[in-house]
């Protein structure tokens with residue numbers, strides 16, 4: 001049932017597992033104020049097009065959104081339990097319904113797979129491995145499950161155990177340039193997930209670093225994501241957000 005996570009040692013012995021052959025750093029941008037979803041998507045799609053045309057470099061954009069739900073291409077209307085709770089946006093990414101809001105780190109990943117590997121399955125695995133390595137910074141074991149995209153945490157207590165999702169993955173590729181990316185629960189209001197069936201999975205819940213009892217700040221989460229990105233995808237260079 002458990003898919004094999006990345007090895008923190010052997011996987012990186014010869015460099016990043018999904019790095020660029022030319023080792024050009026990806027841009028790394030952080031927005032400090034919440035970014036409205038339509039504006040973020042417009043900026044992301046424009047940047048992805050510019051990357052495909054050779055007019056701009058790769059970019060990883062970290063941000064937070066105001067509370068909202070997004071529907072991926074596989075979303076089922078019945079999974080939108082409370083359609084009036086928050087704004088709902090159609091999304092071209094893979095996957096089903098998910099929630100975005102304050103306390104959740106969204107990372108939009110605009111990478112040129114022609115410079116890395118034209119392998120969508122390996123790319124998604126690399127995104128999941130990126131999150132797993134970031135979680136390990138806080139001594140949290142992130143796991144993969146067959147048939148369930150994303151990163152999961154196994155939780156146990158006297159007489160009980162369950163698996164909760166701590167990070168979602170949903171991407172789209174156009175001309176082999178990726179956009180959308182991951183959402184990583186640092187300290188969101190978990191009650192806000194109650195308006196949807198997250199990712200179409202009814203039998204499991206959601207969690208966050210703070211819900212696990214770890215008082216992690218967003219800055220600390222960002223530092224862990226940056227360090228693990230370097231190990232999985234390669235170097236980054238600080239740059240300004242696209243908007």
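Glycine too: its Cβ is placed from the backbone N, Cα and C atoms.
Listed features, source TrEMBL:
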ACT_SITE  199  active site, acyl-thioester intermediate
BINDING   93, 94, 95, 96, 97, 98, 99, 100, 168, 169, 170, 181, 182, 183  substrate binding site
DOMAIN    54-237  domain 'BPL/LPL catalytic'
SITE      165  site 'Lowers pKa of active site Cys'
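Shown here: features listed in TrEMBL, placed on the structure.
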residue	record	DSSP (3 states)
93	substrate binding site	coil
99	substrate binding site	strand
165	site 'Lowers pKa of active site Cys'	strand
170	substrate binding site	strand
182	substrate binding site	strand
For residue 93 (substrate binding site), write down the residues of its own chain that are at least 6 apart in sequence and whose Cβ falls under 8 Å from its Cβ; none is a fine answer. 70, 72, 73, 170, 171, 172, 179, 180
Near residue 182 (substrate binding site), how many other Cβ atoms are within 10 Å of its Cβ? 24
Can you tell me the CA-to-CA distance separating residue 182 (substrate binding site) and residue 165 (site 'Lowers pKa of active site Cys'), as a whole number of Å? 12
Rounded to a whole angstrom, what is the largest C-alpha distance between any two of the residues 93, 94, 95, 96, 97, 98, 99, 100, 168, 169, 170, 181, 182, 183 that the record assigns to substrate? 15
How big is the gap, in Å, between the Cα of residue 97 (substrate binding site) and that of residue 165 (site 'Lowers pKa of active site Cys'), rounded to a whole number? 14
